[in-house]
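Trainee: Got a structure here, written out as structure tokens. Questions coming.
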Amino acid sequence: MNPQAKLIFITSLVLGTTITISSNHWIMAWTGLEINTLAILPMISKSHHPRAIEAATKYFLVQATASALVLFSSMTNAWCTGQWDITQLTHPTSCLILTMAISMKLGLVPFHFWFPEVLQGSSLITGLLLSTAMKFPPITLLFMTSPSLNPALLTSMAILSTALGGWMGLNQTQIRKIMAFSSISHLGWMTIIIVYNPKLTMLNFYLYVLMTTTVFLTFNSMKVLKLPTLMTAWTKAPSLNAILLLTLLSLAGLPPLTGFLPKWLIIQELTKQDMASTATIISLLSLLGLFFYLRLAYCATITLPPHTTNHMKQWHTNKPISTSIAILTTMSLMLLPISPMIPTII
């Protein structure tokens with residue numbers, strides 16, 4: 001892609017996100033979401049492969065529908081209450097339509113079907129943007145409207161997201177699809193707590209972005225797109241593979257790694273809200289996700305491929321691990337000791 005064009009698209013992404021997260025008026029928030037959608041489309045379809053074009057088309061149709069629903073929800077609310085302020089969303093029908101729209105934008109169950117397909121049709125770096133940066137504006141809108149939303153509906157969607165994200169990821173061999181289902185599962189954890197402690201949702205989102213960025217950049221530097229390739233990639237960068245094992249376990253939420261921190265705080269908050277049964281269910285469902293993270297980790301570090309493999313082995317290179325991956329990995333593994341500071345922040 002032309003560097004000037006790439007600069008324009010990246011700038012538009014930053015601009016769209018900034019407009020949405022800093023606006024109080026629904027029309028401005030909608031404008032930011034539209035700018036974001038239009039900026040990411042050329043980045044999805046830049047390879048001109050039929051799969052990429054299909055992914056871009058699916059993404060456009062879903063996001064356009066969701067944006068129309070955001071606009072419809074805000075107009076209904078303005079019609080009934082005379083308020084265009086994002087935090088003043090009080091009409092029940094508007095709240096329901098907005099929950100649907102944001103779920104579509106994020107890829108929450110039952111509006112998740114587009115997300116694995118779009119991620120599979122994109123490059124790893126575009127997939128990283130779709131999994132992290134593109135989720136920031138919708139989750140901010142969810143954060144701002146959280147007092148008005150229906151807790152029972154959000155809890156049901158969250159449990160279904162964690163269940164389906166774990167369940168559908170079990171049988172995958174494509175790395176990008178596994179990461180898509182991982183994202184859906186993590187969104188379940190964020191959604192379940194949004195009504196009770198919105199700041200905890202944002203903390204979970206930031207830590208999820210940190211760990212997912214590390215994993216995507218590691219896969220990108222190893223040039224790995226599917227599990228069989230991952231099995232033969234250990235010869236290329238042994239140290240990076242060993243670190244990937246720990247990062248994946250952190251993403252799964254195992255103590256004493258960073259990924260355990262948001263899960264621990266969310267379970268604690270749910271218990272305080274007399275939702276111990278819900279906390280138990282979502283914790284058990286996250287074990288499904290743990291299985292496919294362990295499978296990835298196993299393929300990356302422990303498996304030696306059979307001698308009859310059709311894949312050419314990539315020989316060890318002396319290229320050093322990039323500084324950004326090193327810093328992100330360290331943070332993805334070692335932030336649990338800051339947990340005593342969290343109650344003072346949230």
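Each residue, glycine too, has its Cβ placed from N, Cα and C.
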Trainee: Of 26-44, 178-196, which span is tagged transmembrane segment by TrEMBL?
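Mentor: Checked against TrEMBL: transmembrane segment maps to 178-196.
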Trainee: Averaged across the domain 'NADH dehydrogenase subunit 2 C-terminal' (290-342), what pLDDT does the model get? Just tell me the whole number, please.
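Mentor: The answer is 78, the mean pLDDT of the model over that range.
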Trainee: Does the transmembrane segment (178-196) come near the transmembrane segment (325-345), with 3+ Cβ pairs under 8 Å (pairs 6 or more apart)?
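Mentor: No; fewer than 3 Cβ pairs under 8 Å.
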Trainee: Looking at the transmembrane segment (202-219) and the transmembrane segment (240-261), are there 3+ C-beta pairs under 8 A, with each pair at least 6 apart in sequence?
Mentor: yes
Trainee: At an 8 Å Cβ cut-off, counting only pairs 6 or more apart in sequence, do the transmembrane segment (152-171) and the transmembrane segment (281-304) clear the bar of 3 or more pairs?
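Mentor: Judged by the Cβ rule, the two regions touch, with the required three close pairs present.
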Trainee: Counting only pairs at least 6 apart in sequence, do the transmembrane segment (325-345) and the transmembrane segment (96-115) share 3+ Cβ pairs under 8 Å?
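Mentor: Answer no, regions not in contact.
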Trainee: Take the transmembrane segment (281-304) and find every residue of the same chain, 6 or more past its ends, with a Cβ under 8 Å from one of its Cβ atoms.
Mentor: 158-159, 162-163, 165-167, 169-170, 172, 175, 178, 181-182, 185, 188-189, 192, 227, 230-231, 233-234, 241-242, 244-245, 248-249, 251-254, 263, 267, 270
